[in-house]
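Visitor: First, the structure itself, so that you have it in front of you.
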Amino acid sequence: MEITFLGTSSGVPTRARNVSSVALRLPQRAEVWLFDCGEGTQHQLLRSDIKTSQLRRIFITHLHGDHIFGLMGLLASCGLAGNAQPVDLYGPPGLKDYIQACSKYSHTHFGNRVQVYTVEPGLVYEDEEFTVTCDLLKHRIPAFGYRIAEKDRTGRFDVEKAKSLGIPPGRIYGQLKKGETVTLTDGRVIRGQDLCGPTEAGRKFAYCTDTVFCETAIELAQGVDVLIHEATFAHQDAELAFDRLHSTSTMAAQVALAAGVNLLIMTHFSPRYAPGNPLDVTNLLQEARAIFPHTKLAYDFFNYEIPRHRSDHLVEVS
């Protein structure tokens, strides 16, 4: 699970930062999932080493232009390139109408390659490896935060140990590999987890933008490895944040602290903090770290690979 930031500016692009988009790379399944798709996202993809042919899902937080104006261009380009796999879109009410209107008036036709799903709080997507859930944040229009959770993986099955215990190969090995408990014909009870190496705990991250400080963000981010949270304003501009329902750097840090996350990565910075201005994003970083030290600043094309965690529980079986 590798995260790549394709756009980290709020509202409008700057010379150094494009508007919102984050890519989640899943190399084990040759897929890319996008979170938001602001104007110019496909150009950012071309400047990265991400393959658009692997684009499989796009999750939209809300319908403000800096989060969706890149959708149609990207989808159209995928169609022209002859991408084989479909692209599923998930987002708030109105997303499907937006896509249909753009398609109608631009005479762009996707056929069955693009499916749009309207989300509501709760489970958004699940397969054998991942679950994606969402909930409403606090913004001027309906905006959803997303939580992506990788399911735990059973550790490597110790075949030699199984043989030494006289467990016959076959279907029973498959059950033990899954961590199941089985009873042998001689009456012995064997726990699969005792024949497997350390469990690989599933990795988790949350994506919360746009929002002012809210309890929902804390709930979505509870215990995640990485929280990506907007930090549009500096603390001294908190009045603007409350007025426009955006977050300050200190609000993002407070969410991270309350949720007990491992790492906070701030993004969605106002252009007012561009280099050369009285305050820049390094000031926002200092403010956040005073509350939550494990904080990083996102920048365009910043990559972060979420590390795996293992829980040691290999037990000798007699």
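Quick reminder: no glycine exception, Cβ is built from N, Cα and C everywhere.
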Visitor: Asp66, His67, His268 bind Zn(2+) 2 in Swiss-Prot, but which of Asp127, Asp135, Asp210, Asp225 does that record place at the same site?
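Guide: The record-listed residue among the candidates is Asp210.
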Visitor: Where Swiss-Prot shows His62, His64, Asp210 binding Zn(2+) 1, which of His139, His294, His309 is named for the same site?
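Guide: Candidate listed by Swiss-Prot for the same site: His139.
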Visitor: Near the Zn(2+) 1 site, what residues other than His62, His64, His139, Asp210 in the same chain have a C-beta no further than 8 Å from the centroid of the listed C-beta atoms?
Guide: Thr61, Leu63, His67, Leu137, Arg140, Ile141, Ala143, Thr209, Thr211
Visitor: Cβ within 8 angstroms of the Cβ centroid of Asp66, His67, Asp210, His268: which residues besides those meet this for the Zn(2+) 2 site?
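Guide: Surrounding the site, in chain order, are Ser10, Gly11, Val19, Ser20, Asp36, Gly38, Thr61, His62, His64, Thr209, Glu230.
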Visitor: Which residue, of the binding-site residues His62, His64, His67, His139, His268, has its CB surrounded by the fewest other CB atoms within 10 A?
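Guide: Fewest other Cβ atoms within 10 Å, among the binding-site residues His62, His64, His67, His139, His268, is found for His64.
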Visitor: Same chain only, sequence gap of 6 or more: which residues have a CB within under 8 Å of the CB of Asp66 (active site, proton acceptor)?
Guide: Ser9, Ser10, Gly11, Val12, Val19, Ser20, Gly38, Glu39
Visitor: Could you give the Cα-Cα distance between His62 (Zn(2+) 1 binding site) and His268 (Zn(2+) 2 binding site), in whole Å?
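Guide: Approximately 14 Å lies between the Cα of His62 (Zn(2+) 1 binding site) and that of His268 (Zn(2+) 2 binding site).
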Visitor: Listed binding-site residues are His64, His139, Asp210; which of them have CA atoms within 10 A of the CA of His268 (Zn(2+) 2 binding site)?
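Guide: For His268 (Zn(2+) 2 binding site), the binding-site residues whose Cα atoms are within 10 Å come to Asp210.
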